[in-house]
Each structure stands twice: as C-alpha cells, then as structure tokens.
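Colleague: Before I ask anything, let me first share the structure, which is written out below as structure tokens.
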Amino acid sequence: MTLQAAQPPSDSSRTLYGGKGTRRITVHDIAAAKERGEKWPMLTAYDAMTASVFDEAGIPVMLVGDSMGNTHLGYETTVPVTMDEITLLSAAVVRGTQRALIIGDLPFGSYQEGPVQALRNATRLVKEAGVGAVKLEGGRRSLVQTELIVQSGIPVVSHLGLTPQSVNTMGYRVQGRGDEAAHRLLHDAKAAQEAGAFAVVLEMVPAEVAAEITRSLQIPTVGIGAGPDTDAQVLVWTDMAGLTAGKVPRFTKQYADLRRTLGDAAKAFADDVVGGAFPQEEHTFH
Ligand code: KIV
C-alpha cells in the first residue's frame, strides 16, 4: 500500500488542514471553512501519544468517540462506555494536542434522561477534560438537550444517520434510504442546526442524501460512510491505520498496516530476547 502525501489547499495560512496558526481551532474557524467551501479531515483519538501524532500531522479536529468502547476498552458495542471512561481519555487527548479542536462524545445514558442531565455531563467534559465541544446522537430526539447545552456556552455536534448507541433498536445498516427516510433525516439535520449545533455527523447515509443535506445547511456536515460531498470526513483512526482486527466497515479506507507492523516488531523483540540478541553492549550499563 502506498502512502500518499496530501497537499494542503493553496492559501494554507488560514485553512483548517495545513494552516499555520498554533492556537486551538475553534468553532468559528469551522464555520469560516464552510463559508470558504474548504473540506477538512477529522479523526478519532483516544490517548495523548496518538493524538499528538495527528496534531503534528495537521488534523484540525479530533473526536474522542465512544467508539473507544470497541477500539480501546474491549466492549462489543459503544453502549457500555461510561462518562468516567470518556472523561479520562478526553483529558489525555487534550493534553496531547495543541492545535486541534477536541470533541468529547457523550456516551449512551449520559444525556437521554433530559437536558439537565445532558448539560451536567457536557459541563463535566469541558471542565474536567478540557474539550472544546461535545457530540451527542440524535436530531429531533435530542433537541432540547442540544439547545440547553449550546445556550450554556458549550458547542455541540449532532450525530445523525446510523447512531451506534441505538444498535439494539436500529442495528448497523444504512439510514435515510427512500424518500420518506431521507426527508426525516433532512428534517433532523435542519432541527439540529436550528437548535444551535455547529456541525452534523452523517453516518452511513446514501451519498445523494448527504449531498442534499450538505447543500441545505449553513453548518458543516461530517461524513462517515456518507459519500464524497459532505464538508468534512471522519474515520475511526484504528480502522484508517490498519490496527483494527478483522473486518472493518466498507466505507473505511486503510492508509497503513499498523497491526502487521506492530506485530512484527513484537515478534522481532521476542525472538531477540529468546535468542539472546537483545540487549547488546549499547543497551547495557556498567
Ligand atoms: O464514536 C465515534 O467514533 C463516532 C464516529 C464514528 C463519528 O461517533
């Protein structure tokens, strides 16, 4: 697999990706990018070291997603992830970065009871972890939560389409197929914008529907399995870098083969230890 070096857009002084500033990206920078028609990349991150690599690579927005349940905590779904887990890992990602806007995910059970619970947990992520924004699943069904959190001064991203926290009712399948479902999705996206969300994630949505939503909104859309016409694209980093074991979603593109690289390094170390080739003189104190 070849690694392609992406080229930053030509006026790179103020772009989100490849921009020169070192201060944290804000939601105002995100809004300005939509006005310029600039596309931008977003990755998930779950620890300080990996986040620092992505920050140095110029990734302008990182999501401490509840996908950590699958990628880092060994759960089968995102449902068991807790506020304590998200807060701990979000704080690490914030500490590992200087420029990226860090979005903390509100996990299942942390906002469904109502706006007061949602605000309490969003506030915890901002105060204890230092995130610049939070994400929650649902359009109209999370409207009052979005409104109160935004009115309280915390930027919100809405997550529409396939919402993994609803796996037990929704399953993992493409959402928004057919006129009625597409209309409902557009309505949800507009409601999220109206409630004050500064961006909308569209997961596993037909490309044409995502394109229509992107044209209809003033705020940016962030696609994951939503075709090429959203304003931004997000991937789960372990899928993107080939660290995930087994099958990854069809919408993922694998840019490296970290699972093989890391496994080979571990085996080489083990072989050296067993065969007596490590440590050598240069690794040894006298
Ligand atoms: O938790 C997560 O990583 C997400 C992205 C897939 C958007 O919600």
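In case you wondered, yes, glycine gets a Cβ from its N, Cα and C as well.
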Colleague: May I ask you to find which of Lys39, Lys127, Lys135 TrEMBL records for the 3-methyl-2-oxobutanoate site already listed with Asp66, Ser67, Asp105?
Modeller: Lys135
Colleague: For the recorded 3-methyl-2-oxobutanoate site formed by Asp66, Ser67, Asp105, Lys135, which further same-chain residues have Cβ atoms within 8 Å of the site's Cβ center?
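Modeller: Once Asp66, Ser67, Asp105, Lys135 are set aside, the remaining close residues are Thr44, Leu63, Val64, Gly65, Met68, Thr78, Val81, Ile86, Gly104, Leu106, Pro107, His159.
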Colleague: Between the binding-site residues Ser67, Asp105, Glu137, whose Cβ has more other Cβ atoms within 10 Å than any of the rest?
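Modeller: When each Cβ's neighbours within 10 Å are tallied, Asp105 tops the list.
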Colleague: Once near-sequence residues are set aside, which residues in the chain of Glu203 (active site, proton acceptor), 6 or more away, have Cβ atoms under 8 Å from its Cβ?
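Modeller: Listed in sequence order, they are His159, Leu160, Gly161, Leu162, Thr163, Pro164, Gln175, Gly223, Ile224, Gly225, Ala226.
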